[in-house]
Amino acid sequence: MFHPPTSDRCLALAHPDYINFVFSILILLGILLSYLPQHHRIISRKSSFGLSPYFVLLGTTSGTCQFANILTLPGSRADMACCRDDGVSGLFLFLIYFPRATPGTTNPAKDADKQPSFKTAVIVAWICIAHAFVTAIISIYFTLAHPAGLQSWANFLGILSTVLAVIQYFPQIWTTYLLKRVASLSIPMMCIQTPGSFVWAASLASRLGVEGWSAWGVYVVTGCLQGTLLVMGVIYELRWRRKEREELEGRIDAANQGQMDGQVDTDRRVEDVSEQTPLIRQEE
């Protein structure tokens, strides 16, 4: 049920608690900025090697479901009804949740032996677009023609988002496990997003209450799974760096040993030289 601009709910939104407002702004900035390390790592490496396209596909569709879930929840619709410019509120929510899909902007790794082809990336993109279109059409239908079913539709989207989010991390966890390294996956990004998921879940839970479990529950689940991926990434990265350091030290030792052997051989030849040594030696 939508509230007129003069209702108590709208008046409360018009005079928000400044502490909660600042807290929400910090969360928004944290979500947006948390993806910068990932983008920087991909650009600096000039490769998305190590990122699973199926992780991108499932993450994008999960994000679409979660975005639609937020928009179709009665509490969120009531808040948006208080705004005279719905486009601004829609854009605000879009900016909040769109980063969940930003890994889709990356290309599959160029190592054809390790990663799927570019065709797979194109198929993933089209599936994501089609899924977003179908979700939007169904949400509009329930909003205009069958409002009584909106809560059930929102719950379905929340459950689907959670399921996709849970499945989403398994391809990436498996890819990281096979590579035994993070490659283009950003550890700083996960360090920011893992605790941020729980903070954002708490923020949504305080506003939407228990009935909004389908909205904030997904962030609890994804936070746990991303934490698992983070622990794996840190362990593999430490092992990889230790292995590189040992290989470098081995090459340095081999080079030094080669120089020492060459110097010893030279010294021996010098010792063999005397006044009776012919200028041209015949090879034995």
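Residue numbering: from 1, along the chain as shown.
Note: Cβ is positioned from N, Cα and C throughout, glycine not excepted.
Marked as transmembrane segment by TrEMBL: 18-36 (among others).
The transmembrane segment annotation in TrEMBL covers 120-144 (among others).
Sequence annotations record features per position, and here TrEMBL assigns transmembrane segment to 150-170 (among others).
The transmembrane segment annotation in TrEMBL covers 182-201 (among others). When Cβ-Cβ distances below 8 Å are used as the criterion, the transmembrane segment (182-201) is approached by residues 27, 30-31, 33-38, 40-42, 45, 47-51, 106, 109, 172, 176, 216-217, 219-220, 222-223, 226-227, 229-230, 233-234, 236-237 of the same chain, each at least six residues removed from its ends.
Annotation comment: TrEMBL describes 213-236 (among others) as transmembrane segment. Long-range Cβ contacts of the transmembrane segment (213-236) within its own chain (Cβ-Cβ under 8 Å, at least 6 residues beyond either end) map to 62, 66, 69-70, 73, 154-155, 157-159, 161-162, 165-166, 168-169, 172-173, 176-177, 179-182, 185, 187, 190-191, 193-198, 200-202, 204-205.
The feature region 'Disordered' is assigned by TrEMBL to 251-284.
Residues or ranges marked as compositional bias 'Polar residues' by TrEMBL: 275-284.
Listed as Cβ neighbours of the transmembrane segment (150-170) (distance under 8 Å, sequence separation of 6 or more from its ends, same chain) are residues 55, 58-59, 61-63, 65-66, 68-69, 72-74, 77, 135, 138-139, 142-143, 213-215, 217-218, 221-222, 225-226, 228-229.
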